[in-house]
Amino acid sequence: MPCDTKEPSSCPPTLPLRLLTLHDLPHGDGVSARSLQSLFREQQEYLNYFFTNLDYEQMESFVKACLACTGTIVCTGVGKSGFIAQKICQTLVSTGTKALYLSPTDALHGDIGILTAHDLLVCFSKSGGTDELLRLIPYAKAKGAKIVSVASISGCKMETVCDLSINLPLKRELCPFDLAPVTSTVIQMLFGDTVAIALMQAKHLTRDEYAMNHPAGRIGRRLILRVSDVMLSNGDIPIVSADTVVADALSELSSKGCGCVLIAGADLKLQGVFTDGDLRRALQTMGYSGNLMGTRVGDIMTTSPRTVLLSQKAAQAMDDMETSPKVAVLPVLDDQGRVSGLVTLHGLISAGL
(Lines of atoms letter the chains of each structure in order from A; the text may use other names.)
(Lines give C-alpha, C1' and ligand atoms only; values in the text may rest on other atoms or scores of the structure.)
Protein backbone atom coordinates (compact mmCIF):
# COMPACT_ATOMS: atom_id res chain seq x y z
CA MET A 1 0.00 0.00 0.00
CA PRO A 2 1.19 3.57 -0.61
CA CYS A 3 2.76 5.36 2.32
CA ASP A 4 0.54 8.33 3.27
CA THR A 5 1.77 8.93 6.80
CA LYS A 6 3.65 12.11 7.62
CA GLU A 7 6.16 10.31 9.84
CA PRO A 8 9.32 9.65 7.83
CA SER A 9 10.32 6.69 9.99
CA SER A 10 7.34 4.63 8.74
CA CYS A 11 8.05 5.19 5.00
CA PRO A 12 10.39 2.89 3.06
CA PRO A 13 13.55 4.57 1.81
CA THR A 14 13.42 5.88 -1.76
CA LEU A 15 16.09 4.34 -3.99
CA PRO A 16 17.76 6.56 -6.62
CA LEU A 17 16.77 5.83 -10.22
CA ARG A 18 19.48 4.29 -12.42
CA LEU A 19 19.50 3.52 -16.13
CA LEU A 20 20.06 -0.09 -17.10
CA THR A 21 23.33 -0.92 -18.79
CA LEU A 22 24.34 -3.85 -20.98
CA HIS A 23 25.81 -5.58 -17.93
CA ASP A 24 22.41 -5.54 -16.19
CA LEU A 25 20.79 -7.60 -18.95
CA PRO A 26 20.63 -11.41 -18.75
CA HIS A 27 23.22 -13.24 -20.84
CA GLY A 28 22.30 -16.31 -22.89
CA ASP A 29 24.51 -19.30 -22.31
CA GLY A 30 26.75 -20.12 -25.23
CA VAL A 31 26.12 -16.88 -27.17
CA SER A 32 29.32 -15.36 -28.48
CA ALA A 33 30.65 -13.65 -31.57
CA ARG A 34 32.20 -16.96 -32.62
CA SER A 35 28.95 -18.91 -32.24
CA LEU A 36 27.01 -16.25 -34.16
CA GLN A 37 29.61 -16.29 -36.93
CA SER A 38 29.20 -20.05 -37.13
CA LEU A 39 25.42 -19.67 -37.39
CA PHE A 40 25.63 -17.11 -40.18
CA ARG A 41 28.12 -19.26 -42.06
CA GLU A 42 25.75 -22.20 -41.76
CA GLN A 43 22.96 -20.11 -43.27
CA GLN A 44 25.36 -19.08 -46.02
CA GLU A 45 26.04 -22.75 -46.74
CA TYR A 46 22.31 -23.42 -47.15
CA LEU A 47 21.92 -20.42 -49.45
CA ASN A 48 24.89 -21.59 -51.53
CA TYR A 49 23.14 -24.95 -51.88
CA PHE A 50 20.11 -23.09 -53.26
CA PHE A 51 22.16 -21.19 -55.85
CA THR A 52 24.16 -24.26 -56.87
CA ASN A 53 21.12 -26.47 -57.44
CA LEU A 54 18.67 -23.95 -58.86
CA ASP A 55 17.21 -24.96 -62.25
CA TYR A 56 17.64 -21.85 -64.39
CA GLU A 57 15.61 -23.33 -67.23
CA GLN A 58 12.67 -23.40 -64.85
CA MET A 59 13.43 -19.78 -63.99
CA GLU A 60 13.45 -18.88 -67.69
CA SER A 61 10.08 -20.56 -68.25
CA PHE A 62 8.58 -18.72 -65.31
CA VAL A 63 9.90 -15.30 -66.35
CA LYS A 64 8.61 -15.85 -69.89
CA ALA A 65 5.21 -16.85 -68.47
CA CYS A 66 5.17 -13.61 -66.47
CA LEU A 67 6.05 -11.57 -69.55
CA ALA A 68 3.36 -13.34 -71.57
CA CYS A 69 0.72 -12.69 -68.89
CA THR A 70 -1.79 -10.16 -70.25
CA GLY A 71 -3.57 -9.83 -66.93
CA THR A 72 -2.23 -9.69 -63.39
CA ILE A 73 0.39 -11.80 -61.63
CA VAL A 74 -1.48 -12.96 -58.53
CA CYS A 75 0.64 -14.33 -55.68
CA THR A 76 -0.77 -16.42 -52.88
CA GLY A 77 0.47 -18.38 -49.88
CA VAL A 78 -0.30 -19.31 -46.28
CA GLY A 79 1.53 -18.27 -43.11
CA LYS A 80 5.13 -17.15 -43.63
CA SER A 81 4.91 -17.99 -47.34
CA GLY A 82 1.89 -15.69 -47.52
CA PHE A 83 3.86 -12.79 -46.08
CA ILE A 84 6.66 -13.44 -48.57
CA ALA A 85 4.11 -13.55 -51.41
CA GLN A 86 2.79 -10.15 -50.32
CA LYS A 87 6.28 -8.66 -50.25
CA ILE A 88 7.09 -10.06 -53.71
CA CYS A 89 3.90 -8.48 -55.05
CA GLN A 90 5.01 -5.12 -53.69
CA THR A 91 8.39 -5.50 -55.40
CA LEU A 92 6.74 -6.46 -58.70
CA VAL A 93 4.37 -3.51 -58.61
CA SER A 94 7.10 -1.00 -57.71
CA THR A 95 9.29 -2.23 -60.57
CA GLY A 96 6.63 -2.00 -63.24
CA THR A 97 4.80 -5.35 -63.19
CA LYS A 98 1.09 -5.52 -62.40
CA ALA A 99 0.63 -7.81 -59.40
CA LEU A 100 -1.53 -8.38 -56.34
CA TYR A 101 -1.75 -10.68 -53.34
CA LEU A 102 -4.72 -13.02 -52.88
CA SER A 103 -5.35 -14.71 -49.56
CA PRO A 104 -6.26 -18.36 -50.29
CA THR A 105 -8.74 -18.43 -47.43
CA ASP A 106 -10.48 -15.23 -48.53
CA ALA A 107 -10.35 -16.43 -52.13
CA LEU A 108 -12.51 -19.42 -51.21
CA HIS A 109 -15.03 -17.06 -49.66
CA GLY A 110 -15.55 -14.67 -52.55
CA ASP A 111 -12.25 -12.95 -53.29
CA ILE A 112 -11.51 -15.39 -56.13
CA GLY A 113 -13.85 -13.18 -58.12
CA ILE A 114 -10.87 -10.92 -58.84
CA LEU A 115 -9.13 -13.73 -60.75
CA THR A 116 -9.55 -13.87 -64.55
CA ALA A 117 -8.50 -16.13 -67.39
CA HIS A 118 -5.76 -13.62 -68.28
CA ASP A 119 -4.04 -13.92 -64.88
CA LEU A 120 -1.11 -15.96 -63.61
CA LEU A 121 -1.64 -17.41 -60.12
CA VAL A 122 1.67 -18.10 -58.32
CA CYS A 123 1.32 -20.38 -55.29
CA PHE A 124 4.10 -20.21 -52.67
CA SER A 125 4.50 -23.17 -50.31
CA LYS A 126 7.57 -24.74 -48.75
CA SER A 127 6.09 -28.23 -48.75
CA GLY A 128 3.88 -27.94 -51.80
CA GLY A 129 1.14 -29.65 -49.83
CA THR A 130 -0.62 -26.72 -48.17
CA ASP A 131 -4.31 -27.64 -47.86
CA GLU A 132 -5.64 -24.13 -48.47
CA LEU A 133 -3.72 -23.85 -51.74
CA LEU A 134 -4.69 -27.33 -52.91
CA ARG A 135 -8.33 -26.45 -52.31
CA LEU A 136 -7.97 -23.15 -54.17
CA ILE A 137 -6.21 -24.45 -57.29
CA PRO A 138 -9.18 -26.30 -58.91
CA TYR A 139 -11.39 -23.23 -58.61
CA ALA A 140 -8.65 -20.98 -60.00
CA LYS A 141 -8.32 -23.36 -62.95
CA ALA A 142 -12.07 -23.18 -63.47
CA LYS A 143 -11.66 -19.40 -63.82
CA GLY A 144 -9.16 -20.07 -66.62
CA ALA A 145 -6.07 -18.73 -64.84
CA LYS A 146 -2.68 -20.33 -65.39
CA ILE A 147 -1.29 -21.81 -62.14
CA VAL A 148 2.35 -21.91 -61.01
CA SER A 149 3.69 -23.98 -58.11
CA VAL A 150 6.67 -22.59 -56.18
CA ALA A 151 7.82 -25.14 -53.61
CA SER A 152 10.96 -26.70 -52.13
CA ILE A 153 9.97 -30.38 -52.31
CA SER A 154 10.23 -32.06 -55.70
CA GLY A 155 7.27 -34.20 -56.69
CA CYS A 156 4.95 -32.49 -54.21
CA LYS A 157 1.18 -32.58 -54.64
CA MET A 158 1.04 -28.98 -55.85
CA GLU A 159 3.42 -29.74 -58.73
CA THR A 160 1.06 -32.36 -60.12
CA VAL A 161 -1.94 -30.04 -60.31
CA CYS A 162 -0.28 -26.86 -61.60
CA ASP A 163 0.55 -25.79 -65.15
CA LEU A 164 4.14 -24.86 -64.28
CA SER A 165 6.30 -25.81 -61.32
CA ILE A 166 9.36 -24.11 -59.83
CA ASN A 167 11.55 -25.98 -57.36
CA LEU A 168 13.48 -23.85 -54.87
CA PRO A 169 16.29 -26.17 -53.63
CA LEU A 170 16.39 -26.35 -49.85
CA LYS A 171 19.06 -28.32 -47.99
CA ARG A 172 17.45 -27.73 -44.60
CA GLU A 173 16.23 -24.95 -42.35
CA LEU A 174 18.74 -23.15 -40.14
CA CYS A 175 16.45 -23.94 -37.22
CA PRO A 176 18.12 -26.67 -35.06
CA PHE A 177 14.91 -28.71 -35.36
CA ASP A 178 14.72 -28.10 -39.14
CA LEU A 179 11.21 -26.77 -38.57
CA ALA A 180 11.06 -22.96 -38.36
CA PRO A 181 10.97 -21.60 -41.96
CA VAL A 182 14.00 -19.32 -41.66
CA THR A 183 15.91 -20.53 -44.72
CA SER A 184 13.03 -21.47 -47.01
CA THR A 185 11.52 -18.00 -46.65
CA VAL A 186 14.86 -16.39 -47.53
CA ILE A 187 15.12 -18.32 -50.77
CA GLN A 188 11.49 -17.56 -51.60
CA MET A 189 12.31 -13.87 -51.22
CA LEU A 190 15.47 -14.23 -53.30
CA PHE A 191 13.50 -15.97 -56.02
CA GLY A 192 10.66 -13.46 -56.15
CA ASP A 193 12.74 -10.29 -55.96
CA THR A 194 15.25 -11.51 -58.53
CA VAL A 195 12.45 -12.41 -60.93
CA ALA A 196 11.03 -8.91 -60.41
CA ILE A 197 14.33 -7.38 -61.52
CA ALA A 198 14.51 -9.77 -64.49
CA LEU A 199 11.06 -8.56 -65.57
CA MET A 200 12.10 -4.95 -64.97
CA GLN A 201 15.09 -5.40 -67.27
CA ALA A 202 13.11 -7.30 -69.91
CA LYS A 203 10.58 -4.46 -70.04
CA HIS A 204 13.38 -1.87 -70.25
CA LEU A 205 11.89 0.10 -67.39
CA THR A 206 13.47 3.56 -67.37
CA ARG A 207 14.62 5.50 -64.34
CA ASP A 208 11.82 8.01 -64.91
CA GLU A 209 9.21 5.24 -65.09
CA TYR A 210 10.58 3.77 -61.87
CA ALA A 211 10.37 7.18 -60.20
CA MET A 212 6.71 7.51 -61.20
CA ASN A 213 6.02 4.54 -58.92
CA HIS A 214 7.86 6.19 -56.00
CA PRO A 215 6.59 9.79 -55.92
CA ALA A 216 7.03 10.23 -52.16
CA GLY A 217 10.65 9.09 -52.05
CA ARG A 218 13.66 11.33 -52.67
CA ILE A 219 14.47 9.50 -55.90
CA GLY A 220 10.93 9.99 -57.13
CA ARG A 221 10.87 13.67 -56.22
CA ARG A 222 14.18 14.29 -57.97
CA LEU A 223 12.99 12.60 -61.13
CA ILE A 224 9.39 13.84 -61.18
CA LEU A 225 9.26 17.38 -59.76
CA ARG A 226 9.82 20.18 -62.25
CA VAL A 227 10.79 23.77 -61.62
CA SER A 228 7.17 24.81 -62.18
CA ASP A 229 6.13 22.63 -59.20
CA VAL A 230 8.41 24.35 -56.67
CA MET A 231 8.93 27.92 -57.89
CA LEU A 232 7.52 31.18 -56.55
CA SER A 233 5.06 32.71 -58.98
CA ASN A 234 2.67 35.59 -59.57
CA GLY A 235 2.63 38.05 -56.67
CA ASP A 236 5.36 36.22 -54.78
CA ILE A 237 7.97 37.11 -57.41
CA PRO A 238 10.12 40.17 -56.51
CA ILE A 239 10.15 42.03 -59.83
CA VAL A 240 10.66 45.67 -60.90
CA SER A 241 11.53 47.59 -64.06
CA ALA A 242 15.03 48.79 -64.91
CA ASP A 243 13.95 52.41 -64.25
CA THR A 244 13.06 51.67 -60.63
CA VAL A 245 15.35 53.50 -58.20
CA VAL A 246 17.44 51.53 -55.74
CA ALA A 247 15.37 52.68 -52.75
CA ASP A 248 12.20 51.18 -54.22
CA ALA A 249 14.04 48.04 -55.37
CA LEU A 250 15.27 47.53 -51.82
CA SER A 251 11.71 47.82 -50.57
CA GLU A 252 10.63 45.09 -53.00
CA LEU A 253 13.64 42.96 -52.05
CA SER A 254 12.87 43.24 -48.34
CA SER A 255 9.14 42.62 -48.65
CA LYS A 256 9.52 39.42 -50.71
CA GLY A 257 12.50 38.09 -48.72
CA CYS A 258 14.08 36.19 -51.61
CA GLY A 259 17.52 37.80 -51.61
CA CYS A 260 17.12 39.30 -55.08
CA VAL A 261 14.86 41.34 -57.34
CA LEU A 262 14.23 40.43 -60.96
CA ILE A 263 14.49 43.23 -63.52
CA ALA A 264 12.14 42.90 -66.48
CA GLY A 265 10.44 45.03 -69.10
CA ALA A 266 6.74 45.41 -69.78
CA ASP A 267 6.90 42.26 -71.91
CA LEU A 268 8.32 40.36 -68.90
CA LYS A 269 11.56 39.64 -70.78
CA LEU A 270 14.31 39.27 -68.18
CA GLN A 271 16.89 42.08 -68.30
CA GLY A 272 18.86 41.25 -65.15
CA VAL A 273 18.74 40.72 -61.41
CA PHE A 274 19.53 42.94 -58.47
CA THR A 275 20.95 41.09 -55.47
CA ASP A 276 22.34 42.00 -52.08
CA GLY A 277 25.76 41.37 -53.68
CA ASP A 278 25.04 44.09 -56.28
CA LEU A 279 24.06 46.41 -53.44
CA ARG A 280 27.31 45.78 -51.56
CA ARG A 281 29.38 46.39 -54.67
CA ALA A 282 27.50 49.64 -55.34
CA LEU A 283 28.09 50.76 -51.76
CA GLN A 284 31.81 50.16 -52.14
CA THR A 285 31.84 52.22 -55.32
CA MET A 286 29.41 55.05 -54.45
CA GLY A 287 29.39 55.03 -50.67
CA TYR A 288 26.35 55.72 -48.48
CA SER A 289 25.29 58.80 -50.40
CA GLY A 290 21.84 59.83 -51.38
CA ASN A 291 22.87 59.33 -54.98
CA LEU A 292 22.85 55.54 -54.53
CA MET A 293 19.26 55.42 -53.30
CA GLY A 294 18.16 57.45 -56.31
CA THR A 295 20.15 55.47 -58.86
CA ARG A 296 18.32 53.42 -61.48
CA VAL A 297 18.52 49.76 -60.49
CA GLY A 298 19.16 48.95 -64.14
CA ASP A 299 22.50 50.74 -63.89
CA ILE A 300 23.91 48.48 -61.18
CA MET A 301 22.11 45.17 -61.77
CA THR A 302 23.71 41.92 -62.91
CA THR A 303 22.88 41.80 -66.60
CA SER A 304 23.64 38.14 -67.38
CA PRO A 305 22.24 36.10 -64.49
CA ARG A 306 22.03 32.33 -64.51
CA THR A 307 18.51 31.15 -65.24
CA VAL A 308 16.49 27.96 -65.43
CA LEU A 309 13.69 27.00 -67.80
CA LEU A 310 10.15 26.42 -66.60
CA SER A 311 10.14 22.88 -68.03
CA GLN A 312 13.40 21.75 -66.42
CA LYS A 313 13.48 19.31 -63.53
CA ALA A 314 13.77 20.82 -60.09
CA ALA A 315 16.74 18.58 -59.30
CA GLN A 316 18.60 20.06 -62.26
CA ALA A 317 17.94 23.55 -60.92
CA MET A 318 19.37 22.49 -57.58
CA ASP A 319 22.46 21.07 -59.26
CA ASP A 320 22.89 24.35 -61.17
CA MET A 321 22.69 26.31 -57.92
CA GLU A 322 25.43 24.20 -56.37
CA THR A 323 27.75 24.69 -59.34
CA SER A 324 30.49 27.22 -58.59
CA PRO A 325 29.91 30.07 -58.12
CA LYS A 326 27.01 28.93 -55.95
CA VAL A 327 23.75 30.87 -55.97
CA ALA A 328 20.64 30.67 -53.80
CA VAL A 329 18.07 31.77 -56.39
CA LEU A 330 17.44 31.28 -60.10
CA PRO A 331 14.99 33.22 -62.29
CA VAL A 332 12.60 30.90 -64.11
CA LEU A 333 11.94 31.65 -67.78
CA ASP A 334 9.51 30.23 -70.30
CA ASP A 335 10.64 29.22 -73.79
CA GLN A 336 10.23 32.84 -74.92
CA GLY A 337 12.61 34.18 -72.28
CA ARG A 338 9.83 35.73 -70.20
CA VAL A 339 9.84 35.63 -66.42
CA SER A 340 7.58 32.86 -65.09
CA GLY A 341 8.83 32.58 -61.55
CA LEU A 342 11.74 32.33 -59.15
CA VAL A 343 13.16 29.16 -57.65
CA THR A 344 15.03 29.33 -54.36
CA LEU A 345 17.40 26.90 -52.69
CA HIS A 346 15.22 27.01 -49.59
CA GLY A 347 12.20 26.05 -51.66
CA LEU A 348 14.02 23.11 -53.24
CA ILE A 349 15.19 21.82 -49.88
CA SER A 350 11.66 22.20 -48.47
CA ALA A 351 10.37 20.09 -51.39
CA GLY A 352 12.63 17.25 -50.23
CA LEU A 353 15.25 17.46 -52.95
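Note that Cβ sites are derived from N, Cα and C of the backbone, with glycine treated the same way.
A TrEMBL annotation is a machine prediction, not a hand-curated record.
Features reported for this protein in TrEMBL:
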- 62-205: domain 'SIS' (DOMAIN)
- Lys80: site 'Catalytically relevant' (SITE)
- Glu132: site 'Catalytically relevant' (SITE)
- Glu173: site 'Catalytically relevant' (SITE)
- His214: site 'Catalytically relevant' (SITE)
- 231-292: domain 'CBS' (DOMAIN)
- 301-353: domain 'CBS' (DOMAIN)
Long-range Cβ environment of Glu132 (site 'Catalytically relevant'), under 8 Å and at least 6 residues apart: Val78, Pro104, Thr105, Leu108
From the DSSP assignment alone, can you count helix, strand and coil residues within the domain 'CBS' (301-353)? 14 helix, 16 strand, 23 coil
Enter the number of other CB atoms within 10 angstroms of the CB of His214 (site 'Catalytically relevant'). 14
Cβ atoms other than its own within 10 Å of the Cβ of Lys80 (site 'Catalytically relevant'), all chains, total 16
What is the interatomic distance between the Cα atoms of Glu173 (site 'Catalytically relevant') and His214 (site 'Catalytically relevant'), given in whole Å? 35
For the domain 'CBS' (231-292), what are the DSSP-based totals of helix, strand and coil residues? 28 helix, 16 strand, 18 coil
Between the Cα atoms of Lys80 (site 'Catalytically relevant') and His214 (site 'Catalytically relevant'), what distance do you get, rounded to the nearest Å? 27
What mean pLDDT score does the domain 'CBS' (301-353) have in the model? 85
Around the C-beta of Glu173 (site 'Catalytically relevant'), how many further C-beta atoms are within 10 angstroms, looking at every protein chain? 20
